[in-house]
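Database features, via Swiss-Prot:
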- 11-31: transmembrane segment (TRANSMEM)
- 80-100: transmembrane segment (TRANSMEM)
- 128-141: compositional bias 'Low complexity' (COMPBIAS)
- 128-274: region 'Disordered' (REGION)
- 151-161: compositional bias 'Pro residues' (COMPBIAS)
- 172-274: compositional bias 'Pro residues' (COMPBIAS)
- 177-182: repeat '1-1' (REPEAT)
- 177-254: region '7 X 6 AA repeats of P-G-M-A-P-R' (REGION)
- 183-188: repeat '2-1' (REPEAT)
- 183-236: region '3 X 6 AA repeats of P-G-M-P-P-H' (REGION)
- 195-200: repeat '3-1' (REPEAT)
- 195-248: region '4 X 6 AA repeats of P-G-F-P-P-Q' (REGION)
- 201-206: repeat '1-3' (REPEAT)
- 207-212: repeat '2-2' (REPEAT)
- 213-218: repeat '1-4' (REPEAT)
- 219-224: repeat '3-2' (REPEAT)
- 231-236: repeat '2-3' (REPEAT)
- 237-242: repeat '1-6' (REPEAT)
- 243-248: repeat '3-3' (REPEAT)
- 249-254: repeat '1-7' (REPEAT)
- 268-273: repeat '3-4' (REPEAT)
Amino acid sequence: MKLPPRRKLKLFLLAWMLVLFSALIVLATLILVQHNNTELTEVKSELSPLNVVLHAEEDTVQIQGKPITEQAWFIPTVAGCFGFSALAIILGLAIGLPIVKRKEKRLLEEKERQEQLAEQLQRISAQQEEQQALEQQAAAEAHAEAEVEPAPQPVPVPPQPQVQINFGPRTGFPPQPGMAPRPGMPPHPGMAPRPGFPPQPGMAPRPGMPPHPGMAPRPGFPPQPGMAPRPGMPPHPGMAPRPGFPPQPGMAPRPGMQPPRPGMPPQPGFPPKR
């Protein structure tokens, strides 16, 4: 497992602090042991027979130690403690100051980021408010223009010139199928009569075509089938009487005809009943 450099530095400093603290403890212990040995040596020298004889006159022998400030271990111990404290303070500052600075820098960056976001939000809100104001103003102007705008006036259209079309037959062109004859125009040769149109003057009946109502028979032309006799016209030989038509003068009665009714005048051309 690979540790980050920051954690490695912390562990290295902690190990050195433990080593220094252990070294100070060992040094203080050695100083205390040496001091005790020195005191015992001094006491033994004072209690030797020679010293006892020299001080025999004294009732008591007083053994007094040196003050603590005059002890040999006092200065190294105090110096070591101060040095350890200074080292701990220095190491703490060396480790803590970068951490505090990084944290402060991170807080400042976060604060700047929040301020930038707040500024962006303010700009966006200002743009939205400005856009809404412009839209409302444009809508109000459009509404006012719609109210003020007059109704469109009709555009005058100039009259179109009248075109006169000649629908009469063209010279050199055959008549078109289904084209009715024009009043006052001569009939075209070979043109058959049209149903529903009166016959043209001087137009002979066509073979296979039914005679037109009201058309008189033509001299030299045989009568057409189904053509009723005309008043004042001589009957045609071999023409049978028509139902609903009076018999023609000189026309013989036909077999199957009813006899004259009693009290009814005989029809012209019927012989008297025997």
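Placement of Cβ uses the backbone N, Cα and C atoms for every residue, glycine included.
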Long-range environment of the transmembrane segment (80-100) - Cβ separation under 8 angstroms, sequence gap at least 6: 9-10, 13, 17, 20-21, 24, 27-28
Model confidence over the repeat '3-1' (195-200), averaged pLDDT: 65
